[in-house]
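S.K.: In case it helps, Swiss-Prot gives these features for our protein:
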type: SITE; residues: GLU111; note: site 'Important for acyl-CoA specificity'
type: ACT_SITE; residues: CYS142; note: active site, acyl-thioester intermediate
type: BINDING; residues: LYS163, SER192, ARG249; note: substrate binding site
type: SITE; residues: SER192; note: site 'Important for substrate specificity'
type: ACT_SITE; residues: HIS235; note: active site, proton acceptor
type: ACT_SITE; residues: GLU237; note: active site
Amino acid sequence: MPIVIPKKLPAFDTLKGENIFVMNKSRAFSQDIRPLKIVILNLMPNKIVTETQLLRLLGNTPLQIEITLLKTRTYASKNTSQDHLTSFYKTFEDIKNHTFDGLIITGAPIEHLQFEDVDYWEELKEVMEFSKSNVTSTMHICWGSQAGLYYHYGIPKFPTDKKIFGIFKHKIFNLKTKITRGFDDEFLVPHSRHTTVMRGDIENVPELEILAESEDAGICLVATRDRKHIFISGHLEYEKDTLKSEYFRDLDKGRSIDIPKNYFKDDNPENDPVVTWRAHAHLLFSNWLNYCVYQETPYILK
């Protein structure tokens, strides 16, 4: 089944060219199907890139998905055109009286800030509070996962000695849980972050379950036991060249940056990256949509 997005959204033609089933709203409305309503709070600077990455994964399931893109009202993006934001994005004020099957809160390159110092922190708190009653299941990604753990459970983030940067191996702790159904015993995830959360802080919260961890990158996948909240410290949605772009961007700016680990062939930046995480990315999003959202949400959203 398709993902339902506006035909003029840049991701529409990109995904259609990849043979991902996309459908415009006029065609979707002619079908007698209740689509899953998913809202994406996009906090990343380049919103078009991020929305395309996420829609690619959401569009590869048997379920019809209707997407709402959300931006912050209290902070204006400097890397995405105002025309794009006006055409395709809503604010929390527009949706606060609605209910959704799923919510995705993306990462944001603001790890150096305390949560309370983030320009849109109060607005983000409103969205996370809204998710308790108006969303069936929420997926938090990278900084979004740290923000969610902090807001809901008071779990702080800590700076790392060096940037966690590259593709890292993770071990599954519970092969029977549905969110990782079909996963291999070990799987690879891209990471790009300067902060982390501590295992002990998560273990002190009975509602939380650690599902996957890396010896080198730390905790990767955490969920509430009712799967209402999923927290992912990495970026399974990343494309082949995303870390490459970050690496050369930082080099061009004269920043001290290590070569991303386990990413370029032979660890040589002159070689192409090797994609080793794509299958598990699709599987995680498919499992989330099926087991945490579709199987749990009411047919009629109130």
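Every residue, even glycine, has its Cβ placed from backbone N, Cα and C.
Worth saying up front: this structure is predicted, and the values here are computed from it rather than measured.
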S.K.: In the structure shown, which of the recorded positions GLU111, GLU237 has the fewest other Cβ atoms within 10 Å?
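M.R.: With the recorded positions GLU111, GLU237, fewest surrounding Cβ atoms within 10 Å: GLU111.
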S.K.: Of all the recorded positions given, HIS235, ARG249, which residue's CB has the most CB neighbours within 10 A?
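M.R.: Going through HIS235, ARG249 one by one, the largest Cβ count within 10 Å is at HIS235.
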S.K.: Report, as a single number, how many Cβ atoms besides its own are within 10 Å of the Cβ of SER192 (substrate binding site).
M.R.: 19
S.K.: For the substrate site (LYS163, SER192, ARG249), what does the 8 A shell look like? I mean other same-chain residues with CB within 8 A of the CB centroid.
M.R.: PHE165, LEU243, GLU246, TYR247, ASP250, ILE257, PRO260
S.K.: Using a 10 Å radius around each Cβ and all protein chains in view, which of these recorded positions has the most neighbours: CYS142, LYS163?
M.R.: CYS142
S.K.: Starting from the Cα of HIS235 (active site, proton acceptor), work out which of the recorded positions (GLU111, LYS163, ARG249) are within 10 Å.
M.R.: none
S.K.: Near SER192 (substrate binding site), which of the recorded positions GLU111, CYS142, GLU237 can be found within 10 Å, Cα to Cα?
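M.R.: Taking GLU111, CYS142, GLU237 one by one, the ones whose Cα falls within 10 Å of SER192 (substrate binding site) are CYS142.
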